[in-house]
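Engineer: So that we are looking at the same thing, I have put the structure below in structure tokens.
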Amino acid sequence: MAFFKCVNMLIIIFIFFLCATPIFSDSSSTNSKDHLAIPKLLELAKEPQVFDWMVDIRRKIHENPEVGYEEFETSKLIRTKLDELGVPYKHPVVVTGVIGYIGTGLPPFVALRAEMDALLMQELVEWEHKSKVPGKMHGCGHDAHVAMLLGAAKILKEHEKELQGTIVLVFQPAEEGGAGAKKILDAGALENVSAIFGLHVGPNIPLGEVASRSGPMLAGGGFFKAVIRGKGGHAANPQHAIDPILAASNVIVSLQHIVSREADPLETQVVTVGNIQGGGAVNVIPDSVTIGGTFRAFLRESLTQLRHRIEQVIIGQAAVHRCNATVSFLDDKIPSVPPTINNDSLHDYFQSVAGSLLGIDKVKGHHLLMGSEDFAFYQEAMPGYVFIVGMEDVSVERLRSWHSPYFKVNEDVFPYGAALHISLATRYLAKLNQEVPAEDGKYHDEL
Ligand SMILES: [Zn+2]
Ligand SMILES: [Zn+2]
């Protein structure tokens, strides 16, 4: 009997210590026990019941890629997994979007974002889980993003009682040109969220490292299409025609002068005409020519100015050649995206959290990227931070870049992504609670 009492006492002491060492502890605390908790998180995410679970989810999504606003099966799989975990969610939010909640259900709210959409491209990687849908591929790693956020959810749910607020899991549709982020915000799904974090897998950054920067990270951009109309006729009698091909040629050359002659040489901007269609015969002047292209910049004002000047130059230069031009910025089909600008204080916060998880030597800066990312819409609405999680292991292979038909994901990145999600969100909730107690009314208690 005494022996059993002794065992009971030992169990009580053991449980006490388990409870006393929360896994989501803040390394800014002086408690030395807390410093041990953060690396444990990575180990936890590497355990087979989490790692294999993430790999299985990612491979299922990879085999069945779905493009923007058509992520029905992906969304269903996410909801099935959230149901298994007992995580409540809202659905549908913007067609296929799913918003999950883990924590107290009360403020503060911190969001983590994963995109769900694939690309219209043919996968050329030959492997067991190759895309089964011709002409569609997860060539940007969004399948991995969904798997890592679900992996984070699995661990978070098991430690839900330790959370000091609510973590909002944003499974977002249509990042690739569909501005899904903007629609999630327009739907009012994130109104009282205090901050949002997003990650992107990086094929050319070593596994175990992360990279980001403060301020501008990715360019903002938009697209345009113009129809230049003249008057068709015989190529041998140009005097009876109005030649839209010559007009289009001068329009394209003049568009190149906007950046080279009007933009500050110290500021990065791009205007590219990537599409031209006009004429069908070598001896006919056509009625019209269509051109299309894109423009990029790192400042919102510069994007507005580029948009204004592109329209002016096309119409003006067409008029020089007696042509009419109409310009569309395709806002309904491929909406413009603002520049992705990382919040300065979140950058400091990220460095501290990622540094304690991975080691400060693994937290690197990143150069500006001319591509764009609809995470920028969230950053216009609330403090937001996006970063790249490295997945290249050169001892195995060099990885191709995003949107390559040979793009591959090194699944060993999953524990890093999941652990970063968890530590960024949980410690931010703790930080918010330290700064402003929820009782003082700063936070709204509805999402
Ligand atoms: Zn992409
Ligand atoms: Zn992407």
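Note: Cβ is positioned from N, Cα and C throughout, glycine not excepted.
Owing to the predicted nature of the structure, the values given are computational and were not obtained by experimental measurement.
OK, TrEMBL features for this one:
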SIGNAL    1-25  signal peptide
BINDING   Cys140, His142, Glu176, His200, His403  Mn(2+) binding site
DOMAIN    224-314  domain 'Peptidase M20 dimerisation'
Engineer: For the recorded Mn(2+) site formed by Cys140, His142, Glu176, His200, His403, name the remaining residues of the chain with Cβ within 8 Å of the site's Cβ center, in chain order.
Structural biologist: Glu115, Asp117, Leu119, His138, Gly139, Gly141, Glu175, Trp402
Engineer: Let me check the 10 A CB neighbour count of Glu176 (Mn(2+) binding site). How many other CB atoms are there?
Structural biologist: 21
Engineer: Going by DSSP assignments with H, G and I as helix and E and B as strand, what are the residue counts for the domain 'Peptidase M20 dimerisation' (224-314)?
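Structural biologist: Secondary-structure composition of the domain 'Peptidase M20 dimerisation' (224-314): 37 helix, 32 strand, 22 coil.
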Engineer: Which of these binding-site residues has the least crowded Cβ, counting other Cβ atoms within 10 Å: His200, His403?
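Structural biologist: It is His403 that, of the binding-site residues His200, His403, has the fewest other Cβ atoms within 10 Å.
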Engineer: Should Cys140 (Mn(2+) binding site) be counted as helix, strand, or coil on the basis of DSSP?
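Structural biologist: DSSP assigns Cys140 (Mn(2+) binding site) to coil.
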